[in-house]
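Following: one structure in structure tokens, then a few remarks.
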Amino acid sequence: MRFNNKMLALAALLFAAQASADTLESIDNCAVGCPTGGSSNVSIVRHAYTLNNNSTTKFANWVAYHITKDTPASGKTRNWKTDPALNPADTLAPADYTGANAALKVDRGHQAPLASLAGVSDWESLNYLSNITPQKSDLNQGAWARLEDQERKLIDRADISSVYTVTGPLYERDMGKLPGTQKAHTIPSAYWKVIFINNSPAVNHYAAFLFDQNTPKGADFCQFRVTVDEIEKRTGLIIWAGLPDDVQASLKSKPGVLPELMGCKN
């Protein structure tokens, strides 16, 4: 049987699509189950992160990512783009942030951090606006940035091979609107982050943090430690959904010891 060029091209495309699907199926940015519950709409799996988009707020309900010794990188550009995997009506575009910094003193804040993950193959997706929220400059450049730095430094330890994080916004009061868009959207009033190391939080090496949008720039991130229970109650999500119920209950009601490895004092 002879194959013409069109048939060969089609076969190549089908093979590439299947290979891509197989690769995505092997990605696990959560390790012990991604969050469940809440107002979930669309989930997207990438090497850089897994996120759950909310078409009402226009921002992710949560973003999960996995830092290894190979994922950090520097010198990457910040080229903001609309997420091509989403309906444009369900997310924001770069122009929607016009005037936001001057009017609201907000930055385009990464949920999955660029510096920690720029070494992955699809690093450019870190600059998709599905992974971005309007985060107050004082928070983004202050306590949040210092927490991200300490999170990334964990991977430098010989006894740590992986850092798993899930992060997201809270909407508990009105924070105004972006002046550059007519799209309906909701600016977060707070942000949370849950971190554990290696393969499971079950050995007590985990941490949970919650920051108000108006956190002062000089604030110590260690002062914003909370339990996973508190984050679940305020978000409506179930974190670490793949763990047995009794293990979840035991861990989530108390703070973990991971902050001690991140420079926090008891």
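Every residue, even glycine, has its Cβ placed from backbone N, Cα and C.
What Swiss-Prot records for HIS110 is active site, proton acceptor, and it gives experimental evidence as the kind of evidence. The Mg(2+) binding site feature in Swiss-Prot is assigned to ASN140. Here Swiss-Prot flags CYS30-CYS34, CYS222-CYS264 as disulfide bond. Annotation comment: Swiss-Prot describes 1-21 as signal peptide.
Compared over the disulfide-bonded residues CYS34, CYS222, CYS264, the count of CB atoms lying within 10 A of a residue's CB peaks at CYS34.
CYS222 (disulfide bond) is 15 Å away from ASN140 (Mg(2+) binding site) when you measure Cα to Cα. Secondary structure at the residue listed as 'Mg(2+) binding site', as computed by DSSP, is helix. Under the DSSP three-state reduction, CYS30 (disulfide bond) is assigned to coil, being neither helix nor strand. For HIS110 (active site, proton acceptor), the same-chain residues that are 6 or more apart in sequence and have a Cβ closer than 8 Å to its Cβ are LEU126, ASN131, ILE132.
Secondary structure at CYS264 (disulfide bond), taken from DSSP and collapsed to helix, strand or coil, is coil.
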